[in-house]
Amino acid sequence: MEGPTHPKPSKDKTFSWDLMILVGVLLRLDVGMANPSPHQIYNVTWTITNLVTGTKANATSMLGTLTDAFPTMYFDLCDIIGNTWNPSDQEPFPGYGCDHPMRRWQQRNTPFYVCPGHANRKQCGGPQDGFCAVWGCETTGETYWRPTSSWDYITVKKGVTQGIYQCSGGGWCGPCYDKAVHSSITGASEGGRCNPLILQFTQKGRQTSWDGPKSWGLRLYRSGYDPIALFSVSRQVMTITPPQAMGPNLVLPDQKPPSRQSQIESRVTPHHSQGNGGTPGITLVNASIAPLSTPVTPASPKRIGTGNRLINLVQGTYLALNVTNPNKTKDCWLCLVSRPPYYEGIAVLGNYSNQTNPPPSCLSDPQHKLTISEVSGQGLCIGTVPKTHQALCKKTQKGHKGTHYLAAPSGTYWACNTGLIPCISMAVLNWTSDFCVLIELWPRVTYHQPEYVYTHFDKTVRLRREPISLTVALMLGGLTVGGIAAGVGTGTKALLETAQFRQLQMAMHTDIQALEESISALEKSLTSLSEVVL
């Protein structure tokens, strides 16, 4: 997988003896302290509220990004009217209202128009006018002149309700009857709701900020006084799994040395070629194996220490290398680097899954606010790739129309200009200049021949050869998309190969997740400090 490295030039991977650390280095990625990735999946709840009574006319929840989570919402006109249109409040026989089946039925055929209150237009008045004090303030509705707008955030149209008011044979029936009151009436509905409305978000509505509720006024179009209903639309955004504090210090992770038991016990037996007596300095880690498609979650709220995470990374790398190329692991040194970059990406080609709803990988895996400083090779690119990064693309796709989620294959990520993510929202990609490259993520572990370390203890003054340093990523690149799926020619079964690779994936997942929690806590801490200083 050869190719240029972006955006930084390659560096000398050899280090002096005082910096050469075999396992005890802190693995970290370049971190962007900016906003979360636009591809982040949230639990988004939209609510339509009757502003007079404060009751909810509709509450719809869905999973999606802040760019594509805009559902079509259904509610009934009487849900935003309540008792405000009763005859005692308006006129004796108004021909509209929600207190009687006949009025609900007569109201079905009455046109209406809607005016926005968020626009703050003085000529349109306030809530007492339904924000419709003069003609021209209406932006949507169901009238003969079909009001429209190029800037308002929603459209409201009439829905369709099955059933009529007067049935065949002269009997009375239909959805305008409340089945709680008229249980014997055929076709009666819950609450007598027979004035369905459909609310949809416009392009402007999808692009605006919904930090607070926005209000509208709805008025019936009839002879005489046009009655008013007021409603608001609001959005609540929640993370799918709220973050939890780990340890006494909310900023720093638990900096513990490796536990003795984790260096002894293991549930995974590494594959050794015949005659392989073991590798110096490599021990196994206690790790449970789960399917690649199953999100890896910590067994308990207690995060493992930094030392254990680092050893897990080295041992996971060893297992993956040993099962694919056992001759390389007979006698070698695997070292974690002591300076950035600590992870690297290898661009690969792969078959992603295209789904209309967020798959589990988009919901459970961390939505990284992280940047990969070095990506090499050539692979699959999505979106509009600038010339500076086109060398990474062996195949480029513009994407898909509509709202879709592109989940990266197991063991891979999308490296986007907005961060590292397991899943792409096409709505975000189509509306922004975002672009992504499919990559394998590998820890920056270097591979050395045995004499690399021995020469440091050799006191004889002689000319030493510059040691050859290879990253394991270059040796294993393409394993997830090619090696495991097609076999790597070692005679081992794909299942065994997958098990070894899972341990490395678990180690990386744990390390990155711990990093994200530390970064989130650090952001909160810095915000708190700035408030104190100011």
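Keep in mind that glycine also has a Cβ here, set from the backbone N, Cα and C atoms.
As the structure is a computational prediction, the values presented were derived from the model and not from experiment.
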Tell me which of 132-135, 332-335, 472-475, 512-515 corresponds to the motif 'CXXC' entry in Swiss-Prot.
332-335
If I go by Swiss-Prot, the feature coiled coil sits on one of 28-66, 496-534. Which?
496-534
In Swiss-Prot, Cys124 is paired in a disulfide bond with which of Cys98, Cys137?
Cys137
Tell me which of 426-446, 468-488 corresponds to the region 'Fusion peptide' entry in Swiss-Prot.
468-488
For Asn354 (N-linked glycosylation site), the spatially nearest of the glycosylation sites Asn43, Asn322, Asn327, Asn430, using Cα atoms, is Asn430
CA-CA, which of the glycosylation sites Asn58, Asn322, Asn327, Asn351, Asn430 lies nearest Asn43 (N-linked glycosylation site)?
Asn58
Can you tell which of the glycosylation sites Asn58, Asn322, Asn327 lies nearest to Asn351 (N-linked glycosylation site) in space, using Cα positions?
Asn322
Could you round the CA separation between Asn58 (N-linked glycosylation site) and Asn430 (N-linked glycosylation site) to a whole angstrom and send it over?
29
Please report the Cα separation of Asn430 (N-linked glycosylation site) and Asn327 (N-linked glycosylation site) in Å, rounded to an integer.
47
Checked against DSSP, the composition of the motif 'CXXC' (332-335) is 0 helix, 3 strand, 1 coil
